[in-house]
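*Asks:* Sending over a structure as structure tokens; questions will come in a sec.
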Amino acid sequence: MMSVVQVSSRDMLAETCIIMLLLQRCFSVDLTYHVEEEKNSGTYIGNIAADSLLMDSVALQDHGQITFNHLQQRQTETAQLFNVSKTGKLYTTEKIDAEVLCTYNTECFRIIKVAVHRADSFMQILKIKVYIEDVNDNYPVFPKESISIEFSEEHSKGVKRSLPNAIDRDVSFRNSQVTYVLEKNLNEPFTLSVTKRGFGTSELGIVLEESLDREIKDTYMLQVIAKDGGVSPRQGVLKVQISVIDVNDNPPVFSDKVYNVSIKNTHRTSVPIIILSAKDLDYGKNSQVSYHFSSKTSEGTKKQFRLDENSGEVFLRGKVSSNRISSLKLYIDATDGGNPPLSSIALVLVNIVSQQNNAPTIEINFVSRLKENVAAISEGIRVGSFIAYVNVIDNDIGLNGEVDCEITHEKFQLLNLGSNEYKIIMKKQVDREVKEFYDIQLICQDKGSPSLKTVRKFSIQVMDVNDVQPQFTKDTFKFLTYENEKPSFPVGFINATDPDLGDGGRLTYYLTGNRKKIFPFEITNNGFISTIQSLDREQQDIYEFKVFVKDNGSPSLNNTANVIVEVMDENDNAPYFTFPSVNPFNLDVHYHPQSKNDITVIRASDRDSHVNSFLKYEIVGGNNKHLFTVNPYAGVLSFSRTVYQNDAGSYNLLLVVKDSGSPVLSATTTLSLTLTVSNKTAKIQTTVQLQSEDMIDINWVIVIAVIAVLLAVAVAVFVTMCIVKCNNINSHNQNINPKLHIKKEKRLLISRASTPGTISSNPGTITRTPEGERSRNIQATEVGNQLYPGSELQNEWRSSCIARGLLPSTQYGFKNQQYNHPALVCERA
């Protein structure tokens, strides 16, 4: 028994602790649940027993004694929304609508009080907070599905018309946040204005972007789309009809400005002679048209006609007595009902005719008239362009007054405008450079019997436009000119043509080229090229640049051509000796009767070219015994006769070298030669200071020279024949610059007559190289003198070898003795 009591006491103590703990927690512990709105009735929310952890403090065998009860003090909406089972499970009792229970942009929840019992004793009251989560189940809704607003034609940009706001009943901020988009056709002049206001609303408006024209479009249909911010956004649509209120901004317009009416003089007064019609594009009262006689109509004419103000019908007041054609003019005003009213005027030509037949009368009004019956059109006029207005008048009645007109031409066309009115238009493109004047016949013929016709002749002159590009006579122009001439020396003529007239055919020339180079040339507006400074061939012998030509039309057209100017040489550089290299030059020569007569080679150079660099050597002093001679062209110094013992001694040979230019330029030097003569058995030994050891046999030089002469003669004859054939072709250039033409022929002859050659260091061998000396041709000189007697080529053309330097001497063995033999080297000047 004691043990049982003790056990009972412990149980009571545990229950007391649990109750105290529950009472403490009832004020501090809440359970929170979330449930989405619009869920079906009986939706499970949560397990209160498990989530409150009450069962953790109760013995397992006592769990069945714990019960839960939803406290309902009175019948509230919360009590109707939720149900708590005895085991502590929380359910919904109906479909929950957050928009009914809660307000916009606030936390939507309800508090449930649940009592916890153990057997019959009360344990605790739990406060349970149930959040009702809003779902996007409402569309943004406008107060109306459609609305009509108005703008006037007078309204300018910026005018605004208000629109109603869309409301989304969802309570959460995101689902109820509405954005707006305006749907319209492209180029419709409206935008949507949205201004945010409080509580998630906006102020809407349609704003006009540009002025409206009701006569172009009087109604616009737009849509304003309202979208909420839900995950799957919902949208509402407001249809907006915009009507354009008319303003009296259009006057009445007659169908024709001029009406031609032909009536008999016996026309009945009850039948209108014409019914006028004027249309007004405005609306309502602004488009109601009435007709009145204009103040331009004479009072006498008004008395003969009656005008219905509403219908526009014109009647005769009585018979018109006339045996001839009588033309009356009625000026009619058409006035609308706007404020202020607008009006327009038309002319009614009433032709009162007798029964006789008359030929049509043709009146032509040209768009651009040069003189009587002559029109002017531009060369660039487009096909279909209007040229002239034609009015045909035939006051006869019936078939006698019905007229057909025609123009038969490939370039021009006649189009019927109705009421015996026509227009002449372009049928095909014209080209003034092909034809600039056209003669045209316009034939008009009535349908009477007999048929009468009228022929009107006129002309059309085509006026020029700048449509042709200047053209050069050739793509590349080549000219020859001389150096050292004064500025403004003529070079040549560039010819370009342009068939356009006026400024379109007036040409202007420019020189173009590399901007880094300055070309010493200028060109006139006539295409004449001349120098702007003296030229130096030795600095530059060929100039290449472009000529740019443009016309002065609008737009300007242009073209380019290549120009090559070759500078011809003038004899402006004197020759100079390269060997002997110093003046005076000392040379020791040992003579033996068995040696050859050649001593050394005199060399000189000239910076000029062609004939101006053809050199000739002479001994002009110090050769009193006539012991020495120099080859005038090869420059080989040798003994001219047999050397004797008494010829030994010192000789100061004065050497001169001359070019073949005009005037002749020359240079001199002194060769101090010391000659020693051996006995008959002695060997020759020549020591030359700074002389080349390589020697050449002069005999081979002579053989080569003879062969070169023969070849040069053949070339000279061929060149002569070519020059004769080219004389006629170049006659124009000779008239411009005869001196230049003669020098060009000289240059051609010289270039054909000269052949490069170099005498090698091996005796008896001549090797031709690109750097070798030209072979001088005496016979070419004779041919040149025959071709150009009395010309500027006054000096003989002679070939010469120019000594560039003394080559090393070549050793020859003879009876165990060595002799130095000077070598000849011929190089290109």
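Using N, Cα and C of the backbone, Cβ positions are placed for all residues, glycine too.
So TrEMBL says this about it:
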type     : residues : note
DOMAIN   : 27-142   : domain 'Cadherin'
DOMAIN   : 143-254  : domain 'Cadherin'
DOMAIN   : 255-362  : domain 'Cadherin'
DOMAIN   : 377-472  : domain 'Cadherin'
DOMAIN   : 473-577  : domain 'Cadherin'
DOMAIN   : 599-688  : domain 'Cadherin'
TRANSMEM : 700-724  : transmembrane segment
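What's the neighbourhood like for these features in this structure?
*Replies:* Residue counts for the domain 'Cadherin' (27-142) under DSSP (helix as H, G, I; strand as E, B; rest coil) come to 23 helix, 47 strand, 46 coil.
Mean predicted confidence for the domain 'Cadherin' (143-254): the pLDDT average there is 89.
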*Asks:* Cβ pairs under 8 Å with the domain 'Cadherin' (473-577): which stretch of 27-142, 143-254, 255-362, 599-688 has the most?
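*Replies:* Result: 599-688.
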*Asks:* DSSP helix, strand and coil counts for the domain 'Cadherin' (473-577)?
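*Replies:* Going by DSSP assignments, the domain 'Cadherin' (473-577) contains 4 helix, 49 strand, 52 coil.
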*Asks:* In the domain 'Cadherin' (143-254), how many residues does DSSP put in helix, strand and coil?
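*Replies:* Breakdown, helix to coil: 7 helix, 55 strand, 50 coil.
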